[in-house]
């Protein structure tokens, strides 16, 4: 019921915002002598030099904390990086989005490296759910390409409003989810304390009940054994094939004229690639779910606790595309939707974080390679901030895992996720509102732009 209300909130609020943009795009609000096109479409690059200053120090601290918290929550942190790079360092918006992808790639890669050496908190299965990764990654990457295209058409104020609507909704939903988990963990801790107390049986023997196993990662295998166990080469190979396919299509598409026949053919080819891989995994989950239901086996197929019906699979596909679209609009890795979604479908926080960062590693690295070929970011700055993010991603995972082991509360990951999304909503909101006010004062056009003429 709560999920239905959340979806209704997103749909209604987003519809109002889009209808407002359509109204501003009507003939009475079309560009004329009194309106000018926004200079946000300018392709001028603003690349400050990499030199020691208070701006670099502040950016390093924010980048470290944002990467550490972002990877722990499985959301990346692009909503913090882009405003930081534009307001503090002084990059233009496009370059900031490109460097943000570099930082997300670095943080997610180091987090994946750390998580590969960590055991599942409750089961003898990989901590990265490759089934869910294979289900969401193609849709996420397809959504990113759609989001990049929409960022050219959508007015800046509309992107800001949609992001705020989504971030406020997901952060609130995740926060209440964290509170529920905190209460459940409190009950479990009390029960564990009672069960751990020694008691005497009828023969006067001391007994200790130690059957309860808290949600704490257990190091039973060596690091090398855990890495081999957590990495499923067959499914990872499929993910790599999808990654390479999208990369080739993007690189070739960037070399053809915008809105030409070949441009739309290459753009359209992304859809069958994404839906083919999604359909392969969805069919597997659907058949396995149906088979288990017929046999009366209620055990979950993967980490998600939902039944893999046609409706649920369609919902996951939609959420994957929406998450990728937000990533394309914002310059993030799409984790702002994927992280909360994995929690919503019943994945435990540790696995949700590990799986989300694993998927983001692929999506963000694709964008980084593409941006590198397009010369969208300065190499020295990108290398420096990526290095900071690599360290932050590793130590962020290490610190939070230790805190979970000490406090025995996996809900800490959910609260971190909620906090990062909420902070991103505030920073993106401040930047967006400020820029929109400037556009209004300059009498800039506030409606939808033409895709072909805006490239």
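Keep in mind that glycine also has a Cβ here, set from the backbone N, Cα and C atoms.
Predicted automatically and left uncurated, TrEMBL annotations should be read as such.
When TrEMBL is compared with the stretches 207-225, 264-282, 283-301, the one noted as transmembrane segment is 264-282.
Among the ranges 56-89, 90-123, the stretch that TrEMBL annotates as transmembrane segment is 56-89. TrEMBL assigns the feature transmembrane segment to one of the listed ranges (178-204, 313-339), namely 313-339. Against the transmembrane segment (56-89), stretch 412-433 has more CB pairs under 8 A than any other of 236-252, 313-339, 351-374, 381-400, 412-433. At the 8 Å Cβ cutoff, the transmembrane segment (351-374) and the transmembrane segment (264-282) share fewer than 3 close pairs (sequence separation 6 or more) and do not count as touching. Beyond the ends of the transmembrane segment (381-400), by six or more residues, the same chain brings 47-48, 50, 59-60, 63-69, 71-72, 89, 98-99, 102-111, 113-115, 357, 412-413, 416 to within a C-beta distance below 8 angstroms of the stretch.
Sequence-distant contacts of the transmembrane segment (236-252) (same chain, at least 6 residues past either end, Cβ-Cβ under 8 Å): 130, 133-134, 137-138, 141, 145, 266, 269-270, 273-274, 277, 362, 365-366, 369-370, 373.
Outside the transmembrane segment (412-433), and at least 6 residues removed from its termini, the chain residues within Cβ reach (under 8 Å) are 66, 69-70, 72-75, 77-80, 82-84, 86-87, 156-157, 159-161, 163-164, 167-168, 170-172, 174-175, 177-178, 181, 330, 336, 339-340, 343, 349-350, 352-353, 400, 403-404.
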